[in-house]
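TrEMBL annotations:
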type	residues	note
COMPBIAS	17-45	compositional bias 'Basic and acidic residues'
DOMAIN	161-276	domain 'Phospholipid/glycerol acyltransferase'
REGION	1-50	region 'Disordered'
TRANSMEM	69-90	transmembrane segment
TRANSMEM	102-121	transmembrane segment
TRANSMEM	192-210	transmembrane segment
Amino acid sequence: MGKGRNTAPRDTQAVCAERELEEKKDAAGAREGQRRRQSPAERSRGGATKSPLVDAAKRCVARMELWPGIWPVLLLLFLLLLFLLPTLWFCSPSAKYFFKMAFYNGWILFLAVLAIPVCAVRGRNVENMKILRLMLLHIKYLYGIRVEVRGAHHFPPSQPYVVVSNHQSSLDLLGMMEVLPGRCVPIAKRELLWAGSAGLACWLAGVIFIDRKRTGDAISVMSEVAQTLLTQDVRVWVFPEGTRNHNGSMLPFKRGAFHLAVQAQVPIVPIVMSSYQDFYCKKERRFTSGRCQVRVLPPVPTEGLTPDDVPALADRVRHSMLTVFREISTDGRGGGDCLKKPGGVGDARL
């Protein structure tokens, strides 16, 4: 009887121990199953190894939480800008001037981006200048500028020649594209080559770049151009003043274009663009609509001339161009009555 009474408690303790062990195994299995069902990112939170990408994402979220009001502020600034720009456009002529010039330059860069793939089909070729001209002709309509061309019949029909023109501002591009003859490319300063998409488009169109700081290089380039004029039936457009002139007259001419014409024994075709004072003035920050007259003068022959004749040739061409410039800038159909008419150079502000 004593033996039986001692065995019952031991059997009960064994059963309890077995049940407790089974519960522990079940709990461990449940935790393992839950861990397996979790995503790698969720497991990495509790594990010893953490992903660098997860840590970076956490830091970004934490920084954004530090500035909960940044997006409303940005939206407010955007709305303020939308209100401010039209106000400046209608109330400030200076602001309107800067907006127009910014759009002018930006639009040209954008058009150059569009032109580059088309021009790249031919590679560097003077015929690509037709593509650039076609894409730029509409700009005068955007700004309400009427360009009137006179004397286009003076262009020699079937021979190379050198075009010389006065240079007032970047708006000269409008007059140039209006009257640009076939197979004609400008000679430009080398810095333009690095002007982003515009520089690449000009290079593809065959524009000739010279380094004005290196006289030796400029002379060698001019010699190559002289040969190209004769062998490839190309015309070149040169601004003999060498830089933009805002004083309403003409600076003394540099003689490179005239040496080029004499060396190649080809005629010089002077082109005069009237003053822009009627609608554009950099000093006064004014840019409105208006009219510009482009006058093509009769060609000046260079057959039989030598380098010794270049100074007199340059002075003669400049004098004829300056006379026409004063005429078309004061006749009410060019750039407005903005020039004085003394014997010296003009005193207009441009």
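Each residue's number is its place along the chain shown, starting with 1.
Heads up, the Cβ atoms here are built off N, Cα and C, so glycines get one too.
Among residues of the same chain six or more beyond the transmembrane segment (102-121), those with a C-beta under 8 A of the stretch's C-beta atoms are 128, 131-132, 135-136, 139, 142-143, 170-171, 173, 196-198, 200-201, 204-205. In the predicted structure, the domain 'Phospholipid/glycerol acyltransferase' (161-276) carries a mean pLDDT of 89. The residues of the domain 'Phospholipid/glycerol acyltransferase' (161-276), classed with DSSP into helix (H, G, I), strand (E, B) and coil, number 49 helix, 23 strand, 44 coil. Counting residues 6+ beyond its ends, the transmembrane segment (69-90) has Cβ neighbours under 8 Å at 96, 99 in the same chain.
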